[in-house]
Amino acid sequence: MALSKGLIFGMIFTVLTIVKPSEAALDVHYYDRSCPAAEKIILETVRNATLYDPKVPARLLRMFFHDCFIRGCDASILLDSTRSNQAEKDGPPNISVRSFYVIEDAKTKLEKACPRTVSCADVIAIAARDVVTLSGGPYWSVLKGRKDGTISRANETVNLPAPTFNVSQLIQSFAARGLSVKDMVTLSGGHTLGFSHCSSFESRLQNFSKFHDIDPSMNFAFAQSLKKKCPRSNRGKNAGTVLDSTNSVFDNDYYKQILSGKGVFGSDQVLLGDSRTKWIVETFAHDQKAFFREFAVSMVKLGNFGVKENGQVRVNTGFIN
């Protein structure tokens, strides 16, 4: 399914960010001399993959989030499991990430053009930006110069924010990565792209609490529609739902859904019920430009978390050198 020119060249916002040396040694122009074609190679690879599989944007964006939240943005999510170690990509929250082949394809091309130069971590960060822009969202200048990690443990995926988290748990989880309350609500808007399996939200649909069968914060008709998609018997492995009504387009519909009681995850809908986050949801639901602007800023901040300035540039995405 081809993406329209309007989506590809939609609203573009450039974020110019100055990062203090004490925070990270990242630079927008890091590959200007050593691999000037790097971003073009990654963009073309991502665009071709997206045209072939419309699920790619959501999966690559989730890959970036999950990678950065575990050990910092170090591409540890790409490492394969071994006989002695189960890696992050095989941890339960990452089973649905997939599309690792897109990063592998881009890396293979980069190794031919500029051997041992562009880190896997930078490929993920650039690809995350590109899928947002290709889906009609904002553009930002990706800071580059990350090095790749050598450790990846599946049990550390328990540190990812869960779809059942309340606002306080979400705030604490994001704060541990140097992100503010506004960053948390903003980055949650990444759910505008994507799909969820029933297991991530079915607890809201039946036997929710002692007093409510269905989560009372959920729109009743919406809950009934989700029940039909997630029957307890005869459920297919791909049963689930999209996360907003325009799931292939990066827009502010996610926040509009929350205002209507149609947030799929409990961690989505709770943002409307807390004074610390409600005003941000309402702002973004009514002002897409504000959401785009803040999303670009928050993505740069997340991409700078836990950056490794010294280390290796993996030749193969799935193995350490």
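First residue shown is number 1, and so on along the chain.
Each Cβ is built from the backbone N, Cα and C atoms, and glycine gets one as well.
For Cys68, the disulfide partner named by TrEMBL from the candidate list Cys35, Cys73 is Cys73. TrEMBL names the disulfide partner of Cys114 among Cys35, Cys120 as Cys35. Within the same chain, the residues at least 6 positions away from Thr192 (Ca(2+) 2 binding site) whose Cβ sits under 8 Å from its Cβ are Leu243, Asp244, Thr246, Asn247, Val249, Phe250, Asp251, Asn252, Asp253, Tyr254, listed in sequence order.
For Gly72 (Ca(2+) 1 binding site), the recorded positions whose C-alpha atoms fall inside a 10 Å radius of its own C-alpha are His66, out of Cys35, Arg62, His66, Cys114, His191. Shown in sequence order, Cys68, Ile70, Arg71, Cys73, Ala75, Ile77, Ala121, Gly149, Ser152 are the same-chain residues outside Asp67, Gly72, Asp74, Ser76, Glu88 whose Cβ sits within 8 Å of the Cβ centre of the Ca(2+) 1 site. Within 10 Å (C-alpha to C-alpha) of Cys73 (disulfide bond) lie the following recorded positions from Cys35, His66, Cys114, Pro161: His66. You'll find the Cα of Ser76 (Ca(2+) 1 binding site) roughly 22 Å from the Cα of Cys114 (disulfide bond). Spatially, by CA atoms, the recorded positions Cys35, His191, Cys198, Cys230 include one closest to Asp67 (Ca(2+) 1 binding site), and that is His191.
Of all Cβ atoms in the protein chains displayed, 28 besides its own lie within 10 Å of the Cβ of Asp67 (Ca(2+) 1 binding site).
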